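According to TrEMBL, the signal peptide annotation covers 1-25. Per TrEMBL, the feature domain 'L,D-TPase catalytic' maps to 38-167. Here TrEMBL flags 127 as active site, proton donor/acceptor. Taken from TrEMBL, the feature active site, nucleophile applies to 143.
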């Protein structure tokens, strides 16, 4: 009986630690920067995406961003929203990972996850992932990578034309 209790306590501790990370993935926070409500602001160094709300608040999401040499900054807009996107690796990705197929259909192996929001110009997107442990790192070729539950949440809150500001 004592062994069962110890295992139960150990399991509860592991679950609490795991869920603590989940709780921190998306949270309302004070936001003092002067962007209009509805604007998405990505702070690359922080590895955070903010959806600006009214009243000096924002929803903060943890994100993966471009690795060294793949980071960018500027202003753009969401140009397209896609549910269950198909992934077609860009030339640079195919060059680095030649074993990738030309198309990866929606599903658990798709690196875009369940939602993608392409940014004007089409080179980058805000999307989910098939590698959740990479969220929070400097990991991508320039895209903004989110936990799947968070990208679904953000997807429902924004529209095509939403302004996006990417800061260093």
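Keep in mind that glycine also has a Cβ here, set from the backbone N, Cα and C atoms.
In this structure the C-alpha atoms belonging to residue 127 (active site, proton donor/acceptor) and the residue listed as 'active site, nucleophile' are separated by 8 Å. Applying DSSP to the domain 'L,D-TPase catalytic' (38-167) sorts its residues as follows: 19 helix, 50 strand, 61 coil.
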